[in-house]
Amino acid sequence: MNEQETIQEKAILVGCQLPHITDEHFENSMEELASLTKTADGKVLTSVTQKRNRADAATYIGKGKVEELKALVEELEADLLIFNDELSPSQLKSLATAIEVKMIDRTQLILDIFAKRARTREGKLQIELAQLQYALPRLTGQGINLSRQGGGIGARGPGETKLETDRRHIRNRIHEINTQLSTVIRHRSRYRERRKKNGVLQIALVGYTNAGKSTWFNRLTSADSYEEDLLFATLDPMTRKMVLPSGYSVLLSDTVGFIQDLPTTLIAAFRSTLEEVKEADLILHLIDSSNEDYAGHEKTVLRLLEELEADDIPMLTAYNKRDQKLPDFIPTAGRDHIMVSAKFEDDAAAFKEAIQRYLRQELLTSFEAHVPASEGKLLSRIKSETMVDRFYFNEENEQYDISGYVQEEQSIIGELKKYM
């Protein structure tokens, strides 16, 4: 990690509350902006908010607030302003002229965190693509800002020099990235098809950012994911084997955390993680039961899944942090839910049991077969490709009496039918 990434910049947060936004939603949104700032290695000095009928077309907030901000920047020696909404190119230009300090908006802040966290080649390419697409219409407006922004929050990824080059260069780079990404995506698609062909069930772990997905991903798969109490800790898809209590193996994918007010363009930029969701046989939806806005977080995830056309995939909901759950917490997911906490050792086994039970009820078909002991190859396949409940050797008939569960479309079904 270089020195630039460890510098803690001092930030003032700026928010504009419009009539359709409730006080509670606005407060949660500003708190989340503070968490995002912390994740990006920033230090929040204070927040400046204003209630308006509509955002000022020129400066987002009113002229008086702009003057107040200018004075605050000098008084608190702030390094940057972070706006809670996406600023238009003209707003950015006007504000940069009025206040001599670096400024970014919520979208840039999220992109910056994406750039900081990405680890795979595809993740890095997609972040650069999203940043360039965001920067292209803002080149003129940001000119003043970029020349004095230096490093720090909002400067990761493509970098200052790329953003200051002409539009043609950026468009060429966007074209190059799209070409490279299409190759990577084709490769991943072939890999996913191969996994499907092998008959392995795929489960996607989704949830609002910071709900505890990476912790549970590690616990359920014994993998070394990036576990930290920071927003967007996971950006690249991670898929690992998870062994259920019966010995049946499935694939579990960890995904980037969802967030409210996330522009659709940002969702599109992270196809790598979200494709895993669309291809899943089952979605595990993790919700932080200790968060005061847990119901809002749940709605956000469900809405984004609908936008991804993944809302018809079977879902098991897990309410996390049950040891810290709110006193008035009420599960909203109906019968298909479980309460868990990573603090309790036994909950990992209970979580796996719940997943296994759900698979049996909703996705697998029960079978009974009596397979001759001489069918060694088939017996081996049964152990690896089905969820076995009973595997008893009948000495009298020299056969194995087997019962369990299997996917209906698996090729092994044809072999099993001979002995059912």
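The backbone N, Cα and C atoms fix where each Cβ goes, and this holds for glycine too.
Listed in Swiss-Prot for this protein:
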- 207-214, 232-236, 254-257, 320-323, 341-343: GTP binding site (BINDING)
- Ser214, Thr234: Mg(2+) binding site (BINDING)
- 201-363: domain 'Hflx-type G' (DOMAIN)
Pairwise Cα distance for Ser214 (Mg(2+) binding site)/Val256 (GTP binding site) [Å, integer]: 10
Including all protein chains displayed, how many Cβ atoms other than that of Asn210 (GTP binding site) lie within 10 Å of its Cβ? 21
Give the residue from the binding-site residues Ser214, Ser341 that has the most other Cβ atoms within 10 Å of its Cβ, counting over every protein chain displayed. Ser214
Mind looking up the mean pLDDT for the domain 'Hflx-type G' (201-363) in the predicted model? 83
